[in-house]
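K.L.:
So Swiss-Prot has the following annotated:
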ACT_SITE  Glu714  active site, charge relay system
ACT_SITE  Lys848  active site, charge relay system
ACT_SITE  Asp924  active site, charge relay system
ACT_SITE  His1022  active site, proton donor
COMPBIAS  542-565  compositional bias 'Low complexity'
COMPBIAS  1030-1042  compositional bias 'Low complexity'
COMPBIAS  1046-1055  compositional bias 'Polar residues'
DOMAIN    182-346  domain 'SSD'
REGION    542-589  region 'Disordered'
REGION    1025-1056  region 'Disordered'
TRANSMEM  23-43  transmembrane segment
TRANSMEM  181-201  transmembrane segment
TRANSMEM  211-231  transmembrane segment
TRANSMEM  298-318  transmembrane segment
TRANSMEM  326-346  transmembrane segment
TRANSMEM  399-419  transmembrane segment
TRANSMEM  459-479  transmembrane segment
TRANSMEM  498-518  transmembrane segment
TRANSMEM  997-1017  transmembrane segment
Amino acid sequence: MLSFLTEVTGAIAQTSARRPIQFMVVPALLASIAYLSIIDDYIPEHIKSSSGSSGISYYHPYTSSHYKSQPDLDKWTAIDKEHINDDIYTQANQISVIPLRFRRFQDVVPNVPNAIHISDNEQILIVPTDQIENSLDQLQEITNNGITWKARNNDKLAKYYDYIRYGLNKVQDAIQHAENFDILLIFVAYLGMWYALIKVFVDMRKIGSKFWLAFSTLTSSTFAFLLALLVSNKFLHTKVSLLSLSEGIPFLVSVIGFKHKVSIATIVANSSTASPEDVPHVVGKAVSSHCLSMLRDHLVVIGGLLSCAIYAHHLTGLRNFCILSSLILSFDLILVYTFFSAILGLKVEINRARRTEDLQNALEEEGISSLVAARVAEQSATIEHPNEHNFFKSNNSSIAYFKVIMSLGFFAFHAFWLGSSWLYSTTDGGESFSRFSFLSNIPTLSQDISQQIPIGRKGTVVTILPTIFFMPSGFMVQLEDFIYLVLSKFSSAIRDSIISKFLVFGFALSIVTNVYFLNAARYQVSATHKLIEKEISRPQDSSVTATTTTTATGTTSSGAATSKTIGNNKGLKSVQEIPDNEDESSDEELEIKAPVKVLPLEECVKVLKEGKVKTLSNDEVSSLVVGGKLPLYALEKQLADNKRAVIVRRKAIAKLANAPVLDTNRLPYAHYDYDRVFGACCENVIGYMPLPVGVAGPLIIDEKPYHIPMATTEGCLVASTMRGCKAINAGGGVETVLTRDGMTRGPCVRFPTLKRAGAAKLWIDSEQGQATIKKAFNSTSRFARLQHIQTALAGTSLFIRFRTTTGDAMGMNMISKGVEYSLKYMVEECGWDDMEIVSVSGNYCTDKKPAAINWIEGRGKSIVAAARIPADVVTKVLKSDVDALVELNISKNLVGSAMAGSVGGFNAHAANLVTAVYLACGQDPAQNVESSNCITLMEKDKETGDLNVSVSMPSIEVGTIGGGTILEPQGAMLDLLGVRGPHPTNPGANAQQLAKIVASAVLAAELSLCSALAAGHLVQSHMQHNRSKAPAAGATTTTTPAITDSKASNGSIASNGKDLKRLEEGSVTCIKS
């Protein structure tokens, strides 16, 4: 049963995520209908009656005892509108009362002639009804002491000032009449509610959503509240008063909270980029994983509330609220599976689309052409999420702005026409209206008003008109009038019978169109995949197969169809295609199949001038290149086919360099994506150079296993690293620490005098200079952020070292652009117009060269990796011992490197691993110069006897976007490590992790090689020790073992054949390494 519920809820959530628009629009429409249906139930009657009314009329009969005296308030009776034209009322004395109220923004309010003062800012004007129109015209504008007061409509923004003040008064009155314990209880409940609401936004920020996920979470609960209120009021007839709602909802929110929704959103956000599954499955799994816990929590609370409703059925207010709360929880549960799941599905789509766009922007900032960057980003998204049917092809900040503006516009529009406040009670009269009350546009008849009205002989009918509000004329009044005018016109247009129908029709058409396009996009992707599968499984046509022909020289050639690599759900497969022309075929086959006469060079030149080079054959284009009419670098542009350009270039260079080897396949060129190479990685391409790629591992790095790819032609390197991985894993794996992250660029500038150069240095080193340049630098990139500027002065030349974070890119192009702009900004805006820029790179970086500044200050990622190797593992796996390793490391890596004057070379062979991993993962192999800076340290644990080994590498320069990482094989190796592309939530984390992997691989290789060297030395010493014991006449006995442990010193090694064999194996490994 439980598994059935989990499957059902997961299926519902998947359906919602697959059809997000339907499952978002329908609940929103239902919630809107519910809102419109119940809003009238909570509008106070006195406000209802005053809305749009022309006034309220009262009648007082004639009594001789009250003639020309104070009337009796109890004898005033309200007149129904149906009877206002009865004779008794038409013959009575007709008087109109105009209430006036002045908003106190000034010390003195104007005195209206013939008006009676009620309070400091309240007056009433009593006039005969037949003079009312003239009086109202005179009241439109009043001038007093140079200040113009304008009559205002209270249905504008100013009414909310009254609502807030009245609400505060009501709260204050309620507090004064409540028990202290009740006040404390309600206060704690409200604190809990606001804590839960704020926590939603805080938790959603942690998973990368600043506003919309939290807002959607609250919207889902709000919809549940409205739907529950509709069912409770209209169907169950258990209306809950506003007082009960205001006191009970905080308790409900505090008890239930939003933890399940936040947890589901967290799982979806984490899986949106890490999981290759499509969006509906990601959302469905997240929801089904919380099905049982969410059902349990909600059902327990619902059961408790219903029990309370049954037990306390005589307490109507409590019973109704318990029923409403149960309905809220039920609808909330349903909306989690529908509305909220649909929102999560859209959010995942947007995140994946945004990540693709961010990758494209980062590649463009790295200097890669926009076309290549767009293709790489799109293909990367396809590879990461092969099952994804993504219909978000672009994402722009304007979309977010549009959503914010629409949301604010909705609330603003509603605020102007809300016309009520839920803070009011639903009863008329009482103490609140004992005086002249302006919270309703039409106040009730009060004692203050009745005392000013004389009673006629036939009675008196007094009509109290809506209150006229006055405000001093100013900018805010004019702005309010403008906003009110615009919204009123818009509202009038919406209310129009014809326009409203068109709007409804357009809304329905928009929904249908969106659904149609989303389904069409999904169908197109599905149809494409089916077509690919069909092409793969179709039998090969005989006309496409290779044909073997024999030429006059007896050589054999085969014309084969090209193989194009296509990515699909199951990986990369090869699909045979029929060549459109003879470009892919050999010359010999062309002669036999379609002997075509090659145009002379002059004719080819004419075609070149006409811009129709692509119509020529490969041989004809090649003749243009050989004849010097077409540059080698222009082939891609002229032919508009990168692969064909490679073929033609090979033909041309084979003739120019007299290198027939390029006419063969010894240097391969086929089956390669040259679109990623052109404009990004290489120029004048003639093929690609295959390198064998091995894998070392798994190596546990920070409690996570990694298989490390290594491209190398050096034998035993991968095997040696594997042995180091095994030993490290036996001790628990590698621990890594990132101590610094910042790429550098060090331009050189020059000044006319030393004084100016020194002043510039001091200014750059100051806080003002650092802040100014940082602001200019950061404006050039979305990713690069300047950390620090270091300067050095040599004569009149000033060297400036910029250190910058560059996200997941290695960042050289990104930082160079920022440096250029910063220097230009210094010249043009900061008063250093006499500064001359010698070079953007002044070797103060330092890039691709040995330099102590990189060793000391660091460059790129500074990583320290350490591991503990148990003593028995050193013996059994590494075939050595701890003391020998420690002694060897001191003598070789520390003392030996120091004697050689090395800078950053205190290691055995760090460059081996750095270069191998760099080649496999698309890094710049030239940067192994500074990236291989490493010091290897080993020491023996005094308590356990284990080996503690570490490598410190202060200048590892890597990136996971840009450069060679855009090539598919190298990108695949980054995928193997799980660090391809930009990190979805923490920019720079992927590149940092790659640097940690590089350092950990170096640690494994260092450990293995040093163990082999130490074992070889031990064998040599041991053999010498054995020979010294053998009797040899006339021979000089020498017993000087270079490295011995406690066993060797007492001769026990000689008697232990196993140790001898172990050391011999270690020496063999040493020789191979």
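Heads up, the Cβ atoms here are built off N, Cα and C, so glycines get one too.
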K.L.:
Name the range, of those listed as 181-201, 211-231, 298-318, 326-346, 997-1017, that has the largest tally of Cβ pairs under 8 Å with the transmembrane segment (23-43).
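P.N.:
By Cβ pairs under 8 Å, 211-231 leads among 181-201, 211-231, 298-318, 326-346, 997-1017.
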K.L.:
If you measure Asp924 (active site, charge relay system) to Glu714 (active site, charge relay system) at Cα, how many Å is it?
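P.N.:
With distance taken Cα to Cα, Glu714 (active site, charge relay system) is 19 Å from Asp924 (active site, charge relay system).
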K.L.:
Residues with Cβ closer than 8 Å to the Cβ of Glu714 (active site, charge relay system), same chain and 6+ apart in sequence?
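P.N.:
Sequence-distant Cβ neighbours: Asn912, Ala916.
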K.L.:
By Cβ distance under 8 Å, which residues at least 6 away from the ends of the transmembrane segment (211-231) in the same chain are close to it?
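P.N.:
Distant Cβ neighbours of the transmembrane segment (211-231) are 27-28, 30-31, 33-35, 37-38, 197, 200-201, 203-205, 240, 249, 258, 261-262, 265, 324, 327-332, 334-336, 339-340, 343-344, 347, 403.
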K.L.:
Who sits close to Lys848 (active site, charge relay system): which same-chain residues at least 6 apart have their Cβ under 8 Å from its Cβ?
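P.N.:
Listed in sequence order: Ala926, Gln927, Val929, Glu930.
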K.L.:
Other than its own, how many Cβ atoms are within 10 Å of the Cβ belonging to Asp924 (active site, charge relay system)?
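P.N.:
Neighbour count, Cβ to Cβ under the 10 Å cut-off: 17.
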K.L.:
Mean pLDDT, the domain 'SSD' (182-346)?
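P.N.:
Its mean pLDDT is 86.
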